[in-house]
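Engineer: Marked as DNA-binding region by TrEMBL: 17-56. What TrEMBL lists as NAD(+) binding site is G91, A92, G93, N94, L95, G96. Annotated domain 'CoA-binding' per TrEMBL: 80-181, in sequence order.
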Amino acid sequence: MAKKSIVSMAVIRRLPRYHRYLEELLKNDIKRISSKELSEKMGVTASQIRQDLNNYGGFGQQGYGYNVEELYNTISKILGLDRTYNTIVIGAGNLGQAIARYTNFERKGFKVKGIFDIKSDLIGTKIKDIEIMDIDKLNEFISNNNIDIAILCIPKDNAQKIADRLTKNGIKAIWNFSPIDLRVPDDVILENVHLSDSLLTVSYRLNEEDLFKNSTEEK
Ligand code: NAI
């Protein structure tokens with residue numbers, strides 16, 4: 001089973017949102033924000049924000065609000081954004097290429113050091129300035145390049161085999177886009193991404209009213 005977190009995942013999942021909103025406030029040169037204003041912007045209660053931050057020592061002052069820059073810097077630090085991470089992308093198809101090209105990750109400190117694929121027509125070509133390598137080079141590359149995170153963008157058939165190779169070679173974190181429940185050792189962080197969950201939420205909401213109209217008609 002993958003590594004468990006100390007603080008609850010519900011709290012952890014709210015932190016990037018706090019970070020994003022605070023970044024936006026900073027960009028708009030807003031120096032201070034009341035906890036009420038911040039909570040209204042974020043759609044969570046002020047007490048939820050306080051409770052979340054209390055996990056890390058608590059910030060801000062009652063009735064005075066938060067210093068935006070201070071809180072932003074602290075949450076950046078909590079999120080580990082005060083350092084950089086070496087990443088590799090496995091699978092240089094549509095998704096892998098999009099991720100490797102997305103400059104905002106790099107700006108946040110996630111540097112793509114290597115990209116791997118099995119297709120001979122991709123191997124040797126470049127995405128940005130990074131050459132796509134044969135997957136056969138994976139073990140050697142990991143050993144020599146201090147890789148922190150592997151980003152898995154391959155079809156599910158090969159994903160477990162590659163995940164096993166990654167963890168056997170010392171990778172401690174996998175950001176997994178392959179549609180499969182991977183098995184990884186207890187000390188490995190596994191974060192699965194399902195864009196389709198978000199898309200299906202959109203389609204649900206487009207149809208929600210019809211759903212209830214029909215069920216009322218049926219009664
Ligand atoms: P794609 O077919 O464009 O790219 C997949 C790439 O992986 C190909 O270049 C292929 O040669 C390579 N590959 C296959 N086996 C490999 C191996 N053992 N080692 C290295 N490279 C290997 O597919 P696309 O659109 O990029 O999607 C990739 C995966 O991500 C699919 O499984 C897809 O279902 C999934 N996906 C997941 C999303 C999510 O939200 N979780 C969103 C979009 C795609």
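Numbering starts at 1 and runs along the chain as it is shown here.
The backbone N, Cα and C atoms fix where each Cβ goes, and this holds for glycine too.
Unlike curated entries, TrEMBL annotations are predicted automatically.
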Engineer: What is the average pLDDT across the DNA-binding region (17-56)?
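Structural biologist: Averaged over the DNA-binding region (17-56), per-residue pLDDT gives 92.
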Engineer: Tell me, how many other CB atoms lie within 10 A of the CB of A92 (NAD(+) binding site), whichever protein chain they belong to?
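Structural biologist: Neighbour count, Cβ to Cβ under the 10 Å cut-off: 24.
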Engineer: For G91 (NAD(+) binding site), what residues in its own chain, 6 or more apart in sequence, show a Cβ-Cβ distance under 8 Å?
Structural biologist: F116, D117, L152, C153, I154, P155
Engineer: Around the C-beta of G96 (NAD(+) binding site), how many further C-beta atoms are within 10 angstroms, looking at every protein chain?
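Structural biologist: Neighbour count, Cβ to Cβ under the 10 Å cut-off: 24.
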Engineer: With DSSP helix as H/G/I and strand as E/B, how many residues of the DNA-binding region (17-56) fall in helix, strand and coil?
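Structural biologist: Helix, strand and coil residues of the DNA-binding region (17-56) number 28 helix, 2 strand, 10 coil.
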